[in-house]
Amino acid sequence: MAYYLNSEAHLDPGPIYVRENGQLHMVNLALDGVKNSLQKPRPFRLFPKGFSVELCMNREDDTAQKEKTDHFIFTYTREGNLRYSAKSLFSLVLGFISDNVDHIDSLIGFPEQIAEKLFSAAEARQKFTEPGAGLRALQKFTEAYGSLVLCSLCLRNRYLVVAEKLEEIKSFRELTRLDLSCCWLGDEHELLEHLTNEALSSVTQLHLKDNCLSDAGIRKMTAPVRVMKRGLENLALLDLSCNPEITDAGIGYLFSFRKLNCLDISGTGLKDIKAVKDKLRANIGLVHSKVPLKEFDHSNCKTEGWADQIVLQWERVSVEAVRQRKDVEPRKAAQYFYQNRARTEVTRKCPLAETHMNSSGKLQFYREEAPDCHEPLLSQESKKSKKRAFKESEQEQSSPQSAKQKCVCLAVEDWDLLNSY
């Protein structure tokens, strides 16, 4: 401003005219230096030579800078010129809502096509990985769209994701396939209790391989089905392999799964395997398979739905958080220096393929197909004999002592467990 005021004194005002007695006179002619004033006036300059102007944008925040250019799409022509065009109003509104997706009140009744685009936009901005806000946003989608958000969830060997994103995992509804193999759940884990809720009554395939489960965990998981006929009543496939704490008594709790078609109890702590085979066949019609079943090769269970990439983002964030917290190199060097046994920190791998167990050692069961109604008379007679054998075994089991034990078991254990929910 000071420069501008000083520059005003050097500016040439040009010729000045005055009207007097009806005649127009030029004042400059009456002054000294008339010849100089009659010369061509110098061009008017607001700024001197060498003065440059810089257009300053808002540099306080990168987000603000992005918002100013977010309304345009920049492309290049064939000649190499930069060309920009304005985005559609739908894209602008979609981007704004996805940035504030955690503030949505409800999405119930909202069109699925638009909701999927909104979900993808929020996922691209990694809104579901934010603590707190991501959970609130995910709950709005799962409440409104259920299985469209996720119908199959595979968390095999992703115990870090289970530990860090437990509430997010519990928000999923109407899952049909759930793989929790090698997640170290144990009998008292919240997720094991969550399996009995109505939100997961649609689960038909459940993999709980190598989860440190025992008979108590199986009893807790099957209590709602056995007593109130709700929970995992639609379960058709169950994998309980590599849980050595499950004994013959725990297998008895599985008889409440009347729709069970495939069962894997390999690597459990069974004592009388022959008796378990007979009980499974007599109670729920499952037959021991002599060859490994393809249903348990863990190839069909995959994460499917809108949120399939979100699970990968959770895993990436969890691994990075653990790496930042761990600084084990100095400690390892000290352990080697003092000749102590260094603790090996390796990622625990899920024993999907047991090299020590051949096909004959696997305890996998399946349900036989229903026979044709026009079967031979001989097979019908053999069936009748089997039924008589089953009735005799049931009569032996229905002794007063066993009936009393069943009644006491239901009254003391099951009802106490159900009252804790």
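Glycine residues also receive a Cβ, built from the backbone N, Cα and C atoms like all the rest.
Among the features that Swiss-Prot reports, compositional bias 'Low complexity' is placed at 396-406.
For Ser399, the entry in Swiss-Prot reads phosphoserine.
The region 'Disordered' annotation in Swiss-Prot covers 376-406.
Note on the repeat 'LRR 1' (149-170): residues 119, 128, 134-135, 138, 141-142, 176-185, 190-191, 194, 207, 298, 301-308, 311, 314-315, 317-319, 321-322, 348-350 of its chain, located 6 or more positions outside it, place their CB under 8 angstroms from a CB of the stretch. Annotation source Swiss-Prot lists repeat 'LRR 1' at 149-170.
Model confidence over the repeat 'LRR 2' (174-195) stands at 93, taken as the mean pLDDT rounded to a whole number. Annotation source Swiss-Prot lists repeat 'LRR 2' at 174-195.
Same-chain neighbours of the repeat 'LRR 4' (234-255): 181, 201-215, 218-219, 221-222, 226, 261-272, 275-276, 279-280, 283-284, 295-296, 351, 354, 363, counting only residues six or more beyond its ends whose CB sits under 8 Å from a CB of the stretch. Positions annotated as repeat 'LRR 4' by Swiss-Prot: 234-255.
Taken from Swiss-Prot, the feature repeat 'LRR 5' applies to 259-280. Long-range contacts of the repeat 'LRR 5' (259-280) within the same chain: residues 209, 233-248, 250-252, 286, 288, 293, 295-296, 354, 357, 361-367, 393, each at least 6 residues beyond the stretch ends and with a Cβ under 8 Å from a Cβ of the stretch.
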